[in-house]
Amino acid sequence: MLKIADTTFTSRLFTGTGKFSSPELMLEALRASGSQLITMAMKRVDLQSGNDAILAPLRQLGVRLLPNTSGAKTAEEAIFAARLAREALNTHWVKLEIHPDVRYLLPDPIETLKAAEVLVKEGFVVLPYCGADPVLCKRLEEVGCAAVMPLGSPIGSNLGLRTRDFLQIIIEQSKVPVVVDAGIGAPSHALEALELGADAVLVNTAIAVAHSPVQMAHAFRLAVESGERARLAGLGASPFNPSQPDTLQLRATATSPLTGFLSQLEEQDHV
């Protein structure tokens, strides 16, 4: 079981709604995935229509909808989108996305942290999409985010866990769920993330653009379940299993430690 804020999920596969060829195919694939948390971009929803082509089918699934602020380029724009989503969809959950660079869609760390602080104070359950930066993820946790969503590689790239070493540090130090988001292009990538210790993954492009999105959604479902079972079973020691502390050294060692230097300064202060 995975708990985020006040909600418990039995599925660790979260899914998106973009790039599907039709709402009907999207709905069928999402059902096959078993996902219980589905994200949707507010910019793609017609809030004036009670029968929106995206929103109406999603409501049939009986899952938690996670509106995202994709398209926002500043903290102010993201905060506005989150407030709009809360009013229109009656939810205080939001996936915080701020990426001003339209070429690579990399998240803006400064604006993301600014927006997260405001939204948390306003009572939102904030799940921020962010770079695989252990320091930033810790700061987002400290301001009250319910989870962190570091990228595996750029959105839609299908490159997998190119940030693996940093993801490991984030997972090791995080006290909130870690959801690997972006770049997961194959079920094997999702399995790897769960084996690494991630609490969940979010997948969109790899499912939506597959030759058979329904079959691919089911494949991701099985991969995530397998990855979680393998982690719980206890993976044996190997260079590919960083959960075993003796197999991989990630902690930094300074080439010029300041310990002695700082001690001398302290002694001089007391003289």
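Cβ coordinates come from backbone N, Cα and C, glycine included.
According to Swiss-Prot, the protein carries these features:
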- Lys95: active site, schiff-base intermediate with DXP (ACT_SITE)
- Gly156, Ala182, Gly183, Asn204, Thr205: 1-deoxy-D-xylulose 5-phosphate binding site (BINDING)
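Across the structure, Lys95 (active site, schiff-base intermediate with DXP) and Ala182 (1-deoxy-D-xylulose 5-phosphate binding site) are spaced 13 Å apart at their Cα atoms. In sequence order, Gly16, Gly18, Lys19, Ile155, Gly156, Asn158, Gly185 are the residues of the chain that are 6 or more apart from Thr205 (1-deoxy-D-xylulose 5-phosphate binding site) and have a CB within less than 8 Å of its CB. Here the Cβ of Ala182 (1-deoxy-D-xylulose 5-phosphate binding site) has 30 other Cβ atoms within 10 Å, regardless of which shown protein chain they belong to.
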